[in-house]
Amino acid sequence: MRHLLSAADLSRAEAIEILDTTATMAATQSREIKKLPALRGLTVVNLFFEDSTRTRISFEAAAKRLSADVINFSAKGSSVSKGESLKDTALTLAAMGADAVVIRHQASGAPHRLATSGWVRTPVVNAGDGMHQHPTQALLDAFTMRRHLAGGGEAGPDGIGRDLAGAKVVIVGDVLHSRVARSNVDLLHTLGADVTLVAPPTLLPVGVHTWPCAVSYDLNATIADVRPDAIMMLRVQRERMSSAGGGFFPSPMEYSRRYGLDGTRLAALPEHCVVMHPGPMNRGLEISAKAADSPRSTIVEQVANGVAVRMAVLYLLLAGGTETEGSR
Amino acid sequence: MTSGAPSTTVLSENDISRALTRIAHEILERNKGGADLVLLGIPTRGAPLARRLGERILAAEGRPDAPLEDLVGTLDITMHRDDLRRNPTRALEPTRIPSGGLDEKVVVLVDDVLYSGRTIRAALDAISDLGRPRAVQLAVLVDRGHRELPIRADYIGKNLPTSRSERVSVRLTELDGTDSVVLSS
Amino acid sequence: MTTYLIRAASVLGGERSDLYLADGVIAALGADAADAATTARADGVDVVEIDASTLIALPGLVDLHTHLREPGREDAETVASGTRAAAVGGFTCVHAMANTDPVADTAGVVEQVWRLGEDAGWAQVRPVGAVTVGLRGEQLAELGAMADSAAAVRVFSDDGKCVDDPVLMRRALEYVKAFDGVVAQHAQEPRLTQGALMHEGVVSAELGLTGWPAVAEEAIVARDVLLAEHVGSRVHICHLSTAGSVDIVRWAKARGIDVTAEVTPHHLILTDEAVRGYDPQFKVNPPLRTAADVAAVRAGLADGTIDIVATDHAPHPDEDKDCEFAAAAMGMTGLETALSVVVAAMVDNPEYDFDWADVARTMSTTPAAIGRVAEQGRPLEVGEPANLVLVDPDATWTVDPAALRTASENTPFASDELPARVIATFWRGRATVLDGEPRARTDVRA
């Protein structure tokens, strides 16, 4: 693994290695001294072209707990045709001696360009690009699911070495605009889970039938038929209902009625089913407060696991020498 | 190991067993019993060695049914290595500390081979992140010399004079299906 | 004035013949050619002899869709650099699209572009006039003034933008009948393509790039052929790219509607799979479509549903391509690779019965007819204008973006090996290209 650009690039073995490493990292985070010296002397640049305090802080905490130096570069608004180009920003960072670049960008494929254009030679971690991918989110979701669904016995509470074979995962909401959905479908499929996407037809991309998952327009029927082990609610932006926003649904009320996780649907879920959300939530739209705050909700745990996953990714990308590929 | 290269078995299964039994008694003797002891095996092969030592210590103290997990743990030192970036990325092994913690305990680090001493330096760093033991001691199955740091072992299964070009391979039943220490060039 | 005796060229890929070019026309053919050259030499006329025994002679190629960028974006291309690239690609005439800055929506601008072409001397430049003022789609530009100008505009297009207002399109179709003009429509329903970056389908879904659905083209094509039928006008469809559009045009032609259509070389050979690496060199409008669409446009070109190949040569400077996909400009250069790509996709492709005469028809004769360019696309016969190109059908060459003559390097074919190479181009009897190299007017002994 030279970069982490897309969850689709990960093999089953690589994904499990990251999840297992995450478990080790997570264990260190309950200690009094959380800091590890693994990346001492290295510099990680957080290059954020899009506002995301949560993700940036998560990467920053991960890098710092591995003793790396962190430079935050917030370039919101300075991207695309006005101001400094992605290329010049990248060349500047390379000249400053970055050892890894974590990039968040509103343009799908920007991390891919950064990694393959020759502008920088360091590992590139995709922290979310447009409507394309958000692989560390998928990894932390998978880690959270594995802990709840495959933990126990010889594999310990984190399900070390295990995949998610047979786990039934339902992902609900704005799949069309969601990099979280794309990343999760790819990674969960790789790990052997059965994924069902549920969304109004307007919020599913043309071509979704080729994805390795099932697709439904009916949340009630899916809950009844699939009996999910995990249900993930995606954020829906209110502005998408207006004509200018694309007119994807008639009103928040109607969306919530048909696709929101309310008390009734929460009660209809199997006892062991965990409720997930990548955040930030629209309480009352895609998820009710009752569901978000219920004991089966893993939403806060997901955030904590996010730091451990990002530590694992940075560690695996940076800790080794130059010949990291295939020679572990 | 290169096949066909001249190699000598320097410790047999029995030799290893005897050495561990002796070390277990030495640890008890030096520390006047096993009360405050914690054995931390350094993965990969230090971990089973620590378990074996722990079993012997519990047996010698006449409490073979006491939970081994309260006496023996593992300590992964990968992230504390000073040669981390010189080698391909290593998979992390779990660190497991007995529930009593390390504070005010006597920690005995257990490893298979003592060579440059860099692994033990990393282990001492790792321990200091985990707590403040009263003392730290070191038990190794083989000391092959060539130290690069001022570190020495408290308990040694066998002192084995080697040249730097030689290779010491420790095999343990738990991981390799057989017990032996082989010296090859 | 230098004259040329071309020896044993295969005319349109058929029988071999000598051709003698003098006084801007094909002065003699066959056995007469050598005699005419001998006589001329005796009279002290300079005769350059070219061995064309391995070459094919075609009428000079005519491009109905070229972006020369001047005035306004001389950093991407100028009339001079663009027509020089055209000559190297075998073209003797290009139609310069109107989306310049200022827009070619007045007689003044089209005359300026035409004059720049005449002065540069690489190929005939036929300016395309904008349909609406400023390409804004609000009111008709002074189409008649452009038609009556020295540039004698006959093709009108808002290319880059669609004339999406149906009333305005209807008026334009009607109005240009007065001077035998044609509206060339960039078929793109704007509301269906807001923020669109690539073909909408399996690949866009995976890449998370906003989709440009085929229906956004097809809906406009369907509307416009029906409008053309209703008002009895001819209409031309620019860069047709989808299987559905081919079906609609086929249906319209069967119905007797006066519609013509073009396909670009890149839509004949590239698919949306090329976008997977997010390389902006593959970002183009209309976008690269699916393999099924490629097969359909090839079949359409072979059976005559699609009348012509037009390059949509769209040069852009590096900074507009060396960036993230969403920020990149749309378009790719094509003048120098067009013929080779058509040979690769059609002539050398055993699936289609598409020969060199079809190349001449789709890349010279018919585009000249659509653009009403009387002196181009003529048969290679005595007395006809000496606009022709000599092609080595057996040569192969590797595309080096930096070595191309266009001022920009945004070719999607970088490092690709392509068949067939232009060896010589003659425009108005003068060699603009010899031995594959462009020759400025000053290179030629007067």
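Even glycines carry a Cβ here, placed using N, Cα and C.
TrEMBL labels come from automatic prediction, so no person has curated them.
The record from TrEMBL ties A:ARG54, A:THR55, A:HIS134, A:GLN137, A:GLY279, A:PRO280 to carbamoyl phosphate, and of the options A:ARG31, A:ARG104, A:ARG162 it ties A:ARG104 to that site too.
Neighbour density at the Cβ, taken as the number of other Cβ atoms within 10 Å, is lowest among the binding-site residues A:ARG54, A:HIS134, A:ARG179, A:ARG235 for A:ARG54.
Taking CA atoms as the reference points, A:GLN137 (carbamoyl phosphate binding site) and A:ARG235 (L-aspartate binding site) are 14 Å apart. Averaged over the domain 'Aspartate/ornithine carbamoyltransferase Asp/Orn-binding' (A:166-317), the predicted model has a pLDDT of 94. For the binding-site residues shown (A:GLY279, A:PRO280), fewest C-beta neighbours within 10 angstroms: A:PRO280. Note: A:ARG179, taken in sequence order from the binding-site residues A:ARG54, A:THR55, A:GLN137, A:ARG179, A:ARG235, A:GLY279, have a C-beta within a distance under 8 Å of a chain C C-beta.
Neighbouring residues of the recorded carbamoyl phosphate site, listed in sequence order and excluding A:ARG54, A:THR55, A:ARG104, A:HIS134, A:GLN137, A:GLY279, A:PRO280, comprise A:SER52, A:SER58, A:ALA127, A:GLY128, A:PRO278 (Cβ within 8 Å of the Cβ centroid). Counting only the Cα atoms, the space from A:HIS134 (carbamoyl phosphate binding site) to A:ARG179 (L-aspartate binding site) is about 6 angstrom.
The two recorded residues, A:GLY279 (carbamoyl phosphate binding site) and A:ARG179 (L-aspartate binding site), have Cα atoms 13 Å apart. Binding residues for carbamoyl phosphate (A:ARG54, A:THR55, A:ARG104, A:HIS134, A:GLN137, A:GLY279, A:PRO280) extend across at most 16 Å, taking the greatest CA-CA distance. A:ARG104 (carbamoyl phosphate binding site) falls within a strand segment according to DSSP.
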